[in-house]
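These notes concern the structure reproduced below.
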Amino acid sequence: MTDNLKNLLSVDFPIDPSNLPKHIAIIMDGNRRWAKSRGLNPVKGHEQAALNVIEPLIDRCGQLGIPYVTFWAFSTENWKRDKIELTGLFNVFRLGLKNLASKFIKKGARLRILGDINKFPKDIAKQSLDMMTQSSKNHKITVTFALNYGGRDEILRAVKKMITENVSPDSIDEELFSSYLDTAGIPDPDIVIRTGGEKRTSGYLPWQTVYSELFFTDTLFPDFTPQKLEEIIVAYQQRDRRFGGDSKKIKVNPQVSAIA
């Protein structure tokens, strides 16, 4: 999906409240490039994302009635980065988790974590677990952060857990396997958005996104606004989701729905 969504739409379509996605998953790419383009330390890009961008997006999802939103904040591959940057990034996590957790727990949000957080500094792991516990009874919206997450790693951990629990191979089906993934209890994403211009999913929720609609934008994540999110939702609503079956929807604008 290109950036100029409004130019691609034949009419200025409003968001259809009867056809909203249940789950939007976002790959937050471009934080470091945003900072470097402004002559700033790369960590400043992560700060901008954590303190000024994520909250308005969550608020807009809540206002629209979208019950699940997931942000990929740290990949298993990100450990390869410079130690100084990692230290700064962990400090951003501490600040971001503290600020967002307190605000969104009060707003009725349930907060979850995907990934192996045991490899993070102990205080961040504890902060994450406390956040999940404190918000466990909230149901207005489920906000998930993928921390130390990799799709292959998630699948390997699920398989190892099944082996440890002596799960019978004959009992394994898609539903059972899904229950061993980090996303157990969360519906598969309807929309995957990657900011920053790259056109790949990089192992983000590979099991869960086989039927997701993919949208790639050149916008760097610190510049990604609720308005841009709304434009993608409008484009999503014009796509024909067949899930392997026959078309049941009249394509309002084939030019948009054909864009990958």
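From the backbone N, Cα and C atoms, a Cβ is placed for every residue, glycine too.
Curation does not apply to TrEMBL; its annotations are automatic.
Small disclaimer: the values here were computed from a predicted structure and weren't measured.
Here TrEMBL flags ASP29 as active site. Here TrEMBL flags ASP29, GLU213 as Mg(2+) binding site. If you look up TrEMBL, you'll see 30-34, HIS46, 75-77, TRP79, ARG81, ARG194, 200-202 marked as substrate binding site. Residues or ranges marked as active site, proton acceptor in TrEMBL: ASN78.
Cβ neighbour count for ARG32 (substrate binding site): 21 (other Cβ atoms within 10 Å of its Cβ, all protein chains included). Here GLY30 (substrate binding site) comes close to GLY45, THR195, GLY196, GLY197, THR219, LEU220, PHE221, PRO222, ASP223: these same-chain residues lie at least six apart in sequence, with C-beta atoms under 8 angstroms from its C-beta. Cα spacing between GLU213 (Mg(2+) binding site) and ASN78 (active site, proton acceptor): 25 Å, rounded to the nearest whole number. Of the recorded residues, the residue listed as 'active site, proton acceptor' and SER202 (substrate binding site) place their C-alpha atoms 12 Å from one another. On the backbone, the CA of GLU77 (substrate binding site) and the CA of the residue listed as 'active site' stand 14 Å apart.
Neighbour density at the Cβ, taken as the number of other Cβ atoms within 10 Å, is lowest among the binding-site residues ARG81, ARG200 for ARG200. Look at ASN78 (active site, proton acceptor): DSSP puts it in a helix. Annotation for TRP34 (substrate binding site): spatial neighbours GLY45, GLN48, LEU220, PHE221, PRO222, ASP223, criterion Cβ-Cβ under 8 Å with sequence separation of six or more. In the structure shown, the C-beta of SER75 has more C-beta neighbours within 10 angstroms than that of any other entry among the recorded positions SER75, ASN78, SER202.
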